[in-house]
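Undergrad: Straight out of Swiss-Prot:
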SIGNAL    1-15  signal peptide
DOMAIN    24-244  domain 'Peptidase S1'
DISULFID  CYS48-CYS64  disulfide bond
ACT_SITE  HIS63  active site, charge relay system
ACT_SITE  ASP107  active site, charge relay system
DISULFID  CYS139-CYS206  disulfide bond
DISULFID  CYS171-CYS185  disulfide bond
DISULFID  CYS196-CYS220  disulfide bond
ACT_SITE  SER200  active site, charge relay system
Amino acid sequence: MNSLLFLALVGAAVAFPVDDDDKIVGGYTCRENSIPYQVSLNSGYHFCGGSLINDQWVVSAAHCYKTRIQVRLGEHNINVLEGNEQFVNSAKIIKHPNFNSRTLNNDIMLIKLASPVTLNARVATVALPSSCAPAGTQCLISGWGNTLSFGVNNPDLLQCLDAPLLPQADCEASYPGKITNNMICVGFLEGGKDSCQGDSGGPVVCNGQLQGIVSWGYGCALKDNPGVYTKVCNYVDWIQDTIAAN
């Protein structure tokens with residue numbers, strides 16, 4: 001991967017210098033249906049994650065954009081029909097108007113579902129932030145992305161990772177000149193645990209609120225290169241206004 005360029009991998013958090021390193025590494029298998037807001041974006045295969053924020057809208061990363069998406073909800077094993085899933089096609093897919101595919105600033109996208117989903121114990125919404133979370137807040141990251149830092153192991157079962165929101169100064173020091181005010185770092189400077197390919201667009205939930213969207217990083221789970229996430233608290237007005245207008 002060109003170290004001078006960001007590469008938005010289809011179905012992946014943007015990661016370099018290693019293409020195959022964007023997944024949840026060092027996490028654990030989530031308890032079945034314990035993450036009812038987690039969705040899988042599918043175009044014949046799982047390519048990104050997302051979060052259900054009301055019965056007809058999903059939020060994901062803009063670098064996951066495709067013209068047609070099937071949203072799969074109530075999933076745990078994405079390769080087996082378990083009987084609890086709901087599959088709904090997209091009606092509208094709206095990238096943030098200021099999304100920059102080179103810098104990945106404003107890496108956020110809304111998907112309107114063709115019909116409302118049925119909310120239940122296995123399909124539920126996650127709250128938008130009421131305020132921005134402070135550094136040190138413990139968060140939960142989830143996804144079906146690769147589980148290896150080197151090599152590929154795409155899991156069938158949803159994976160989880162508990163990780164702290166890092167100080168912005170540490171985030172900026174890890175990626176000099178790359179971090180905007182719309183980005184946060186979540187994870188471990190010592191490496192070993194991170195999101196990776198296939199997790200992109202998925203949730204970072206802190207104290208029951210969606211504070212982050214899996215966006216990009218340098219490799220996966222590498223020392224001094226924590227995962228970078230879209231700072232959702234900066235976009236609550238845009239989300240609400242866009243939903244109201246559509």
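Placed from the backbone N, Cα and C atoms, the Cβ positions cover glycine too.
Buried or exposed, and what's around them? Tell me for each listed feature.
TA: CYS48 (disulfide bond) falls within a strand segment according to DSSP.
Counting every protein chain shown, the number of other Cβ atoms lying within 10 Å of the Cβ of HIS63 (active site, charge relay system) is 28.
Within the same chain, residues at least six positions away from ASP107 (active site, charge relay system) with a Cβ under 8 Å of its Cβ are ALA61, ALA62, HIS63, HIS96, PHE99, ASN182, ILE213, SER215, TRP216, THR230.
Other C-beta atoms found within 10 angstroms of the C-beta of CYS206 (disulfide bond) number 23, with every protein chain shown included.
Within 10 Å of the C-beta of CYS171 (disulfide bond) there are 23 other C-beta atoms, taking all protein chains into account.
Secondary structure at CYS196 (disulfide bond), taken from DSSP and collapsed to helix, strand or coil, is coil.
All protein chains included, SER200 (active site, charge relay system) registers 33 other Cβ atoms within 10 Å of its own Cβ.
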Undergrad: Looking at the recorded positions CYS171, SER200, CYS206, CYS220, whose Cα is closest in space to that of CYS64 (disulfide bond)?
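TA: Among CYS171, SER200, CYS206, CYS220, SER200.
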Undergrad: Please report the distance from the Cα of CYS139 (disulfide bond) to the Cα of SER200 (active site, charge relay system), rounded to the nearest angstrom.
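TA: Computed Cα spacing between CYS139 (disulfide bond) and SER200 (active site, charge relay system) is 16 Å.
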Undergrad: Applying a 10 Å Cβ distance cut-off over all chains shown, what neighbour count does CYS48 (disulfide bond) have?
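TA: Within a 10 Å radius of the Cβ of CYS48 (disulfide bond) lie 32 other Cβ atoms.
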Undergrad: Just checking, which of CYS64, CYS139, CYS185, CYS196 (disulfide-bonded residues) has the fewest C-beta atoms within 10 Å of its C-beta?
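TA: Comparing Cβ neighbour counts within 10 Å for the disulfide-bonded residues CYS64, CYS139, CYS185, CYS196 gives CYS139.
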